[in-house]
Number of protein chains: 2
Amino acid sequence: MSELIVPSLKSWVPVPKDSDFTIYNLPFGIFQNKRLSPRAGIAIGDKIVDLAVLHEEGFFSDMTQLPHGIFQKDSLNDFIGLGKPITKRVREKVQDLLKEENGALRDHQSRGKAIVTRKEAQMLLPVKIGDYTDFYSSMEHATNVGTMFRDPENALLPNWKHLPVGYHGRSSSIIPSGIPIHRPKGQYKDPNMDTPEFGPSRRLDFELEMAFIVGKSTKMGDSVSTEDAEDYIFGMVLFNDWSARDIQAWEYVPLGPFLGKSFASSISPWIVTLEALEPFRVPGPKQEPEVLPYLQYQKDHAFDINLEVYIQPDGLKSTKVCTSNFKYMYWNIAQQLAHHTVNGCNINVGDMMASGTISGPTSESFGSMLELAWKGTKPVQLEEGGERKFIEDGDTVIMKGYCEKAGIRVGFGEVESKVMPGK
Amino acid sequence: MSELIVPSLKSWVPVPKDSDFTIYNLPFGIFQNKRLSPRAGIAIGDKIVDLAVLHEEGFFSDMTQLPHGIFQKDSLNDFIGLGKPITKRVREKVQDLLKEENGALRDHQSRGKAIVTRKEAQMLLPVKIGDYTDFYSSMEHATNVGTMFRDPENALLPNWKHLPVGYHGRSSSIIPSGIPIHRPKGQYKDPNMDTPEFGPSRRLDFELEMAFIVGKSTKMGDSVSTEDAEDYIFGMVLFNDWSARDIQAWEYVPLGPFLGKSFASSISPWIVTLEALEPFRVPGPKQEPEVLPYLQYQKDHAFDINLEVYIQPDGLKSTKVCTSNFKYMYWNIAQQLAHHTVNGCNINVGDMMASGTISGPTSESFGSMLELAWKGTKPVQLEEGGERKFIEDGDTVIMKGYCEKAGIRVGFGEVESKVMPGK
């Protein structure tokens, strides 16, 4: 808990042991169910607080900045765009209403309407994503890839420790957890082939990532400093950056990944706010050589978030194949945002910026099959369903993430997606 | 006019000689002026036909598929999304109304309201761009760059003739003609430097490109064939893909261009439809080796569009520095779209896909300062304002494009943007 004092809180909504969605968390999402059109909610235990109902029933009546209907939308963009002073107050208000000792909602006639069962809700994309950027900020991942495909002696390229390398990704194919993906088709040319061939990817992979969501827009020409960067970040989600390694290997020179990535990326549907992550701040790795002034920073911008990846073959038991942590990232979110805007590139509320594969220092902490099975040379044994070099049709990939400290848990839930054969 | 017979048309709206906006063209755009809120219009000569007024006045009363208010929006997305059968009919209806012999609008009491002076209008972005992709489809450009930065003997990388190389670009910073840009700041490391430095780019460049606008969405997992591709393309614009060569050179390995491009891209505001370009279809270059079946095509998908770039130093005369043509592209728009979707990546109405720099075979047809001044070794002489290796503060870059054949002209107008010092 470092120097922060977090008061001990309990909710009148039952929160199962090991639930990611404690009263300390209260992430935002967009849900619908058989009865309700898309709307904003906050997760607590196995329930969702329907923010549209709270608003209608006057629970936010002291917040005149909240427009009518702000929670009855199919994205959080307009709400997030109101700014952190307001979104923070809404979360604090809900936290207050959920406290064991507070009867205002607990004993209110609208309680049955305001509290929805999570299992019966369908989670949608929480934001309309304008632009999506993917960084490459784990030194271990970049080193592993450089070792496998280039030169083990010079695995990191010369620019890597001077700037957070990143590239633009495809927004249209970002989907929420639970939606199956189709194995992509494309061109590949293995070293043993004379000419490229076309077909379903033979090397479908996940990449364990996290992504932050931009919470404040900038104008073209403006930059954001590392010091101010977190004011522009609303919160974070888990991010599975699906990758077709064979397509990617053939297409990516000289302009970077394209169809090897653009077929799908999956995210966890609940946005955990930076406020909820506050107790889990930790120092990041020492950066050597010293970075340029615009990338230097004062306070801790790394977060201690435990990350896990599971593979579940069709109808069988799942196996945990990776245990990593977000704190391993060499470049932090403040540096990523400062770098992204230093050239005057404007950002918009709802933009998503992903970390890049989060690999740790040990072989079980590698964040992709490419690294876990080391380019197919060390297949990963599953408890049920044989071994894997890459992901097979019928497999479900599940990513989980949570912070835990001094008995307090703040988690991301999961992002899970099943792989279907190519259409 | 190849085999198409284009009837000779004249409009009662005066169209100056050499106007790009003849009755054969009728491009769509979004405009506003002191009196009018953003709305859709069609350009003719020095005028704009206000489509919102035509709709209100009942000129489209036989088209019940046109919703109320469809033209009174700040983007064309909803209109384009109605589909080509409808957008084509609207354009044909306006063409009919503008014919010299047709008095329906010419003699109507609303004529004064429906016809707006183009000079008094401000042109906005014509579409909300979800995702923007930049291809690299000119063989001459790729060869020039490969020769300068890699190996003249192997200038084209092994994948280049097998697939239209492309990458995701930044949508948020795409702006219409007329908006000045700021010289971007960033990191660069010239070969003579030990460590990277930070500052305003010293090598700011334009890239002469064209872009097409997606007119029909697909679902994730679906692909579009080369044969069907043009059904998914609404029209085209001129595209200046601003590039900071020093930032790009340092950042781009291994994941491609990022901050060297994302600070700004400028487009011409009038979308010329594929229907208007129909008479200017030409065969594209022979593709050798033969491409994979999904990239093969039957009909001509290249277009004979003359392209020009001018540099105008502050307060001085402009100089034409480049004369190129869209027909030089090795990969055509149908192939680009088929490739983009072959992995199941979904596309949305309003997405933009740019060609990559359009360089021709001769040195005056190169589409960037990098190539025209050959990496700074052959400065370009301006008629006024000295010489240029790259673009200087105060310079305005102007791109023009037009088709002309058998006395018929269909043009794009221009995209012009002035470069201001870094903020």
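In case you wondered, yes, glycine gets a Cβ from its N, Cα and C as well.
Summarising the annotation, TrEMBL assigns active site, proton acceptor to B:H141. According to DSSP, B:H141 (active site, proton acceptor) sits within a helical segment.
Taking Cβ-Cβ distances under 8 Å and a sequence gap of 6 or more within the same chain, the neighbours of B:E209 (Ca(2+) binding site) are B:D134, B:L238, B:F239, B:N240, B:D241, B:A354, B:S355, B:G356, B:T357, B:I358, B:G367. The feature Ca(2+) binding site is assigned by TrEMBL to B:D134, B:E207, B:E209, B:D241.
In the three-state DSSP assignment, the secondary structure recorded for B:Q248 (substrate binding site) is helix. Applying an 8 A CB threshold to same-chain residues 6+ apart, the list for B:Q248 (substrate binding site) reads B:P257, B:G260, B:K261. Summarising the annotation, TrEMBL assigns substrate binding site to B:Y136, B:R150, B:Q248, B:Y252, B:T357.
The Mg(2+) binding site annotation in TrEMBL covers B:D241, B:K261, B:S265. A strand conformation is recorded for B:S265 (Mg(2+) binding site) in the three-state DSSP classification.
The domain 'Fumarylacetoacetase N-terminal' annotation in TrEMBL covers B:25-126.
Residues or ranges marked as domain 'Fumarylacetoacetase-like C-terminal' by TrEMBL: B:133-419.
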* Asked: What is the total of other Cβ atoms whose distance to the Cβ of B:D241 (Ca(2+) binding site) is within 10 Å?
  -> 26
* Alpha-carbon spacing, B:Y136 (substrate binding site) to B:E207 (Ca(2+) binding site), which is rounded to whole Å -> 11
* To do: In whole Å, note down how far the CA of B:E207 (Ca(2+) binding site) lies from the CA of B:S265 (Mg(2+) binding site).
  => 9
* Asked: Neighbourhood of the Ca(2+) site (B:D134, B:E207, B:E209, B:D241): other residues with Cβ within 8 Å of the Cβ centroid, in order?
  -> B:L208, B:F239, B:N240, B:S243, B:K261, B:S265, B:A354, B:S355, B:G356, B:T357
* **Which same-chain residues, if any, lie at least 6 apart from B:Y252 (substrate binding site) yet have Cβ under 8 Å of it** => B:F258, B:G260
* Asked: What mean pLDDT does the predicted model reach across the domain 'Fumarylacetoacetase N-terminal' (B:25-126)?
  -> 98
* Check each of B:Y136, B:E209, B:D241, B:S265 (the binding-site residues) against chain A and write down, in sequence order, those whose C-beta lies under 8 A from a C-beta there; write 'none' if there are none. => B:Y136
